[in-house]
């Protein structure tokens, strides 16, 4: 009943689209200003106008030894942004946070309820977000019998909307619930922030050139380039099951892509643009996660990380939008089309609360359960996209999708078995008992 209600809600919130109304992925550019590479370079120039002065200021304060010689009202702010409070990261706060986050033994019914709550929150947040994302980026607004309507083109404004609400939610959470003492220099969040907004921009922009199911499968196959990079750069070794599942994922994705494009006249430029944007998304997203892992050595909470990254994301995106004059144009578009305003706000709400559900789920049940839930979400996202927007999937393409998700579940299962085996005490030794 719950699934039927959610599907009915999504269908009611969006205009009905049949298979015959499916918009082809070929994008006609009206001018150079509409070409994705030009917009990417303009956005990057806007970010550089903020990053370069900030970098020069940081170098100036470090060379001046401001931490020892600085005084005045601005001293605490500059110290927090440039040097951090590493010496004051007391262990007492960490102990309190650990004690608060320790799993409390509870009844099976309570744990099942928590699991269902987490799964429902993640599914509703990200399925709604995915459907709205495709609606905003691929369909027109204000269409009538005499007017074809207009499309919203500025992906950066959507990134800004998502980040400003996420920043607000994380800030309120940190203010209401005690967090560990913050020790990281604030400027270090800017690296993850920059890669995060670029990956989000690539994700939105790619929908102009490829279908949403193709994008979801490409994101699911992110494990392949990660393994290749680990093998070439870090000389990492992998288990046989990791190679097997990576091969299955590549086979499944190939089956889907080859059969889904059968009989369609796709532009080579469009196909290439979609592939490049997906590659950009994967590259920037991989950097974001690795940099955030490095920042967690400062013993911060996940919500503090969310707040710090989104503060810089808001700064970068609003600065770039103002420099281009695109902020006012996007606001005018929102004023002309109230339906777009609703969709943009819902996108931001789903993105912000989805992040909170991620942190809560991992804290309560671990990464393995979270991965299973999100893998199911990807499968449901493809199904919803095909139902609502009429994407045609052949039998062979459907088998390819099934192969991909079977491989992903095999990875989760094998990884959990390996972790359990590693945690078992050696023969002859008894596990340490807490008293």
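Note that the numbers count up from 1, one per residue, in the order the chain is shown.
Heads up, the Cβ atoms here are built off N, Cα and C, so glycines get one too.
According to TrEMBL, the feature signal peptide maps to 1-19.
As annotated by TrEMBL, transmembrane segment applies to 35-58 (among others). Beyond its flanks by at least six residues, the transmembrane segment (35-58) meets 29, 82, 155-156, 187, 190, 194, 201, 205, 208-209, 273, 277, 315-316, 319-321, 323-324 of its own chain at Cβ-Cβ distances under 8 Å.
Annotated transmembrane segment per TrEMBL: 112-132 (among others), in sequence order. Residues of the same chain lying 6 or more positions beyond the ends of the transmembrane segment (112-132) and with a Cβ under 8 Å from any Cβ of it are 2, 6, 10, 14, 212, 216, 343, 346-347, 350-351, 353-354, 357-358, 360-361, 364-365, 369-370, 373-374, 376-377, 380-381, 384-385, 388.
What TrEMBL records for 157-176 (among others) is transmembrane segment. Beyond the transmembrane segment (157-176), the same-chain residues lying 6 or more positions past its ends with a Cβ under 8 Å from any Cβ of the stretch are 136, 197, 200-201, 204, 303-304, 306-307, 310-311, 313-314, 317-318, 321, 326-327, 330, 344-345, 347-349, 351-353, 355-356.
Under the heading transmembrane segment, TrEMBL lists 240-259 (among others). Residues 213-214, 217-218, 220-221, 223-224, 227, 393-394, 396-397, 399-408, 410-411, 414 of the same chain lie 6+ residues outside the transmembrane segment (240-259) yet bring a C-beta within less than 8 angstroms of a C-beta in it.
TrEMBL lists 265-284 (among others) with the feature transmembrane segment.
Sequence annotations record features per position, and here TrEMBL assigns transmembrane segment to 305-328 (among others).
The transmembrane segment annotation in TrEMBL covers 340-360 (among others).
The transmembrane segment annotation in TrEMBL covers 367-390 (among others).
Annotated transmembrane segment per TrEMBL: 396-414 (among others), in sequence order. Residues 213, 217, 220-221, 223, 239, 241-242, 244-246, 248-249, 251-257, 259-260, 368, 371-372, 375, 378-379, 382 of the same chain lie 6 or more positions beyond the ends of the transmembrane segment (396-414) yet place their CB under 8 Å from a CB of it.
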